[in-house]
């Protein structure tokens, strides 16, 4: 190998097998993560208050009148909403503390945060969607199965449930943003796919006239 070729090899940036970035790129990513850490910590703490508020409103949602008594515990979708908000509140607190403490950026930690963000995002989204469907039936009924609307009789119950569901969807928005942040942090640690080294052109057969 010539001297010039050796210099080119030494000057080329080292990459990790599997398409990961070099150590210098990882250090740059760590510096960028340190700059956005306070913002991400606040964003992770925000769902804590939202989830607790949605859970507390739904837990107190019970109405009694001359037509009877209705409580959130009578409906499986609303019970799921309470459980999901409780779990997401605990995760928000834990993840906010985890992000607030400076740690070396590693690929395994990025994968863990990414996967947990995905799990809890879909968990709270499913709870909000199921509860929204219950609210729709409570307000409009379902003529095909002869279900009458119930909010005309239990209006206070429906209003509290609607408030809890609206707050839950605000938490969903926060978790979607967190999922985008964690996915960007994870996949930016990998190099983009390299173009194929095969033939770039397409040969077209020429037929004689």
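Glycine residues also receive a Cβ, built from the backbone N, Cα and C atoms like all the rest.
If you look up Swiss-Prot, you'll see 1-38 (among others) marked as topological domain 'Cytoplasmic', on the strength of sequence analysis.
In this model, the topological domain 'Extracellular' (60-80) carries an average pLDDT of 88. The topological domain 'Extracellular' feature in Swiss-Prot is assigned to 60-80 (among others); the stated evidence is sequence analysis.
Residues or ranges marked as topological domain 'Cytoplasmic' by Swiss-Prot on the basis of sequence analysis: 102-109 (among others).
The topological domain 'Extracellular' annotation in Swiss-Prot covers 131-163 (among others).
Look at Swiss-Prot and you will find 185-209 (among others) tagged as topological domain 'Cytoplasmic', backed by sequence analysis.
Outside the transmembrane segment (39-59) by six or more residues, the chain places 72, 78, 81-82, 85-86, 88-89, 92-93, 95-96, 99-100, 124, 160-161, 163-165, 167-168, 170-171, 174-175, 177-178, 181 with a CB less than 8 A from a CB of the stretch. According to Swiss-Prot, the transmembrane segment annotation covers 39-59 (among others), on the basis of sequence analysis.
Residues or ranges marked as transmembrane segment by Swiss-Prot on the basis of sequence analysis: 81-101 (among others).
Same-chain residues lying 6 or more positions outside the transmembrane segment (110-130) and placing a CB less than 8 Å from one of its CB atoms are 47, 51, 77, 80-81, 83-85, 87-88, 91, 95, 98-99, 165, 168-169, 171-172, 175-176, 178-179, 182-183, 185-186, 189. What Swiss-Prot lists as transmembrane segment is 110-130 (among others).
According to Swiss-Prot, the feature transmembrane segment maps to 164-184 (among others), an assignment based on sequence analysis. Within the chain carrying the transmembrane segment (164-184), a Cβ under 8 angstroms from the stretch's Cβ atoms is held by residues 36, 40, 43-44, 46-47, 50-51, 53-55, 57-58, 61, 78, 81, 84-85, 88, 95, 110, 113-114, 117-118, 120-121, 124-125, 127-128, 131-132, 135, all 6 or more beyond its ends.
Through the fold, the transmembrane segment (81-101) approaches residues 37, 40-41, 44-48, 51-52, 54-55, 58-59, 72, 113, 116-117, 120, 123-124, 126-128, 130-131, 164-165, 168, 171, 175, 178 of its own chain, all at least 6 residues removed from its boundaries and within a Cβ separation under 8 Å. In the topological domain 'Cytoplasmic' (102-109), helix, strand and coil residues by DSSP number 3 helix, 0 strand, 5 coil.
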